[in-house]
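Q: Here it is: the structure, laid out below.
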Amino acid sequence: QTCNQHNAEAPILERAFFRMAQTEPNLDHDVSWFLLPPNWAKMLVGLISLLCFVNSYDGDFVFDDSEAIINNKDLRAETPLGDLWHHDFWGSKLSSNTSHKSYRPLTVLTFRINYLFAGGFHPVGFHVINIILHCAISMLMVDVFSILLGGLQFSNKGRRLNLAPKTSLLAALLFAVHPVHTECVAGIVGRADLLCALFFLLSFLGYCKAFREHKEGHHFSLFWVLVSVLLGAVAMLCKEQGITILGLNAVFDALVINKLNVLEFVQKLLHKEKSLENSGLLRKGLLFRVTLLLSGGASILYIRWRIMGTGPPAFTEVDNPASFAESPLVRAINYNYYYSLNAWLLLCPWWLCFDWSMGCIPLIKSVSDWRIIALAALWFCLIGLICQALCSEDSHKRRILTLGLGFLIIPFLPASNLFFRVGFVVAERAIYLPSIGYCILFTYGFSLLSKKAKKKKILAAAVLGILLLNVMRSALRSSQWRSEEQLFRSALSVCPLNAKVHYNVGKNLADKGNQTAAIKYYREAVRLNPKYVHAMNNLGNILKERNELQEAEELLSLAVQIQPDFAAAWMNLGIVQNSLKRFEEAEQSYWTAIKHRKKYPDCYYNLGRLYADLNRHIDALNAWRNATVLKPEHSLAWNNMIILLDNTGNLAQAEAVGREALELIPNDHSLMFSLANVLGKSQKYKESEALFLKAIKANPNAASYHGNLAVLYHRWGNLDLAKKHYEVSLKLDPMAPGTKENYSLLRRKLEQLQKKGE
């Protein structure tokens, strides 16, 4: 559908619109840079962006990938697709008090498709899609920058003209190679930002298509305006920032389509001049289109609010300490300092970190803090740019600077803490979209310098040098994102005061079995943040395994004192108290853990072990049964039930439980072994033998498997096979308990039989 706005001035305006690019200065005129055909320019941008990040294609799942992908049940086929629309990005119900309210169902859907096509959690496919998305976005940026820098004009055939081929290529290259984008490309959870950016740009380009037809009078396509709103909604369903494109489309409409002089308009508005009635607002349908954009945006936000619920997300002080400051002045100062750090990352992306929380950026609490200089520098630059954007007599400069500032600031607003508290201090992923504005301002600055510079080639060489440095930095940074060890260690030099960095290095070392080194980093994390309960919990666990029970108990007790609802710490405290033979306290700790996390199979398992130690067999069986109900694949709980029933002479019940367990976990060799023992005692030798052999095939180096099979053959009277498996068992474990004695008995029996035979 096409909407027409007629008035007496329309023919004149139509001609003016076609002459727009010719009457304004051409940015490319004084720029010494490459001139390529549009398709070649896009191919170059795509290839260079690929060069920057291709080495991350075979990286692991790192950092937040574990929670968003590996532990996210929404990716699995058994989860109904409809659940994606009621869960947050991490797979939690939006109605839950612990939900971060990050509603990104379309991003999670792409993860699910990745998972299904890959046949499991294989990171290569996930990484490849991220790289392809960034390349596609970078190529689209050539078109976007050609409009933002050169204006919007169409040929008689309705084809859009690229009026700034050199500067749009430069800006797109700057965007493609910027190292701050590494987190979004090399970190799989950055898919949210990439998809959001893709639909963000498509919404913008769709809005531009609304002005493709220009006949008599000024026309615009209502269809493409509505498509733009729809694409903005899709962008928001990928990540919250996507909704900001509707505001940017309105800004673009006012500045480029209507050539609105913002300062002049505000002055007329304040003086209530009648000339407003004939202004571009009404003359070209701007007011109507802005109303469509605003009503569309408001509707989208309302639906999002209804789905999310009225409660805000729950964040802790360590996530965003400035937002918890009591003084509004301290909050304002620190928020502005965070803005300056984001600006610095765009200007000089050398110091990059996967996480900027937990003491990485100490709060500014006094105006005497030297970091106040950063705030002053930021606002000095911003005010200067805003003044030029509003007051310059050059309409071309006003338009480009306003668009540059708009694309820099408006997409950043959801991360600014101005409207709601966010769960981070600085996040490199949050400036993926705002970097578009930075690229506009950088390119425009380069064109102004080129205009005044006598040696343009030297200036062009300097910019080329910046691009090459960024390519190298992006390639290095993306290689650091390939594994958690490299990623976490790279952060130590950037944020040595960040407790989370030390915690993650320690956790990575602990996972690799290097407990001594892990303890060092966990202790440093606790020193930097004495209330870091997760570091206390993990350190307490390691100390428990090293039998340093006293210190482990102190740490875990402190953790639950700081965070009384920390279920995992309560469970681990119970394990330590059980080891210290303080059974009543251990039982109380386990029940407290279950109180705070009702579906806690591991805690029920440990509670069952406690009851077994106290010979409370019925309670132990009930606890283990609860563990298997909550987690049917809980092999240890099933095994303990079988063993306890076996040891107490309940062979029939033990057999029934064993068969039930193997139906649920058919390839678990430990369950085969336990059930085989029960069947052997029940004189079901053939079935027992089959299970023993199956268990040995799955785990041929288990000495006990061979030893118990030998006992079965011994009982069964198959002495030669018994002798063979006793010998295999002793070869695997010469100190195997009971096997030596049984083997000696068998040898004596064989000798006796041999003598009788003689």
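Every residue gets a Cβ built from N, Cα and C, even glycine.
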Q: When TrEMBL marks a stretch as transmembrane segment, which of 131-151, 341-361 is it?
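A: Of 131-151, 341-361, TrEMBL gives transmembrane segment for 131-151.
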Q: Quick one: find which recorded stretch in 188-208, 220-237, 372-391, 403-424 has the most Cβ pairs under 8 Å with the transmembrane segment (243-266).
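A: Comparing 188-208, 220-237, 372-391, 403-424 against the transmembrane segment (243-266), the winner is 403-424.
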Q: To what whole number does the mean pLDDT across the domain 'DUF1736' (311-383) round?
A: 89
Q: Which sequence positions outside the transmembrane segment (430-449), separated from its termini by at least 6 residues, show Cβ-Cβ distances below 8 Å to it?
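A: For the transmembrane segment (430-449), the list is 27-28, 30-31, 141, 144-145, 148-149, 167, 170-172, 174-175, 178, 180-181, 184, 190, 193-194, 196-197, 200, 241, 244, 342, 345-347, 385, 400-401, 403-409, 411-412, 415, 424, 459, 463.
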Q: Just give the helix, strand and coil counts over the repeat 'TPR' (499-532), going by DSSP.
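A: Going by DSSP assignments, the repeat 'TPR' (499-532) contains 27 helix, 0 strand, 7 coil.
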Q: With DSSP, how much of the domain 'DUF1736' (311-383) is helix, how much strand and how much coil, in residues?
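A: Split by secondary structure, the domain 'DUF1736' (311-383) comes out as 36 helix, 0 strand, 37 coil.
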Q: Looking only at residues six or more beyond either end of the transmembrane segment (188-208), which have a C-beta under 8 A from one in the stretch?
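A: Those are 61, 63-65, 68-69, 89, 104, 106-107, 110-111, 123, 126-127, 129-130, 133-134, 136-137, 140-141, 143-144, 147, 152, 160, 224-225, 227-229, 231-232, 234-236, 238-239, 241-242, 244-246, 248-249, 252-253, 411, 429, 432-433, in sequence order.
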Q: Go ahead and report the DSSP secondary structure tallies for the repeat 'TPR' (703-736): helix first, then strand, then coil.
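A: Per DSSP, the residues of the repeat 'TPR' (703-736) fall into 28 helix, 0 strand, 6 coil.
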Q: Might you confirm whether the transmembrane segment (131-151) is in contact with the transmembrane segment (220-237), defined here as three or more C-beta pairs under 8 A between residues 6 or more apart in sequence?
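A: The answer is no, given that the two segments have fewer than 3 Cβ pairs within the 8 Å cut-off.
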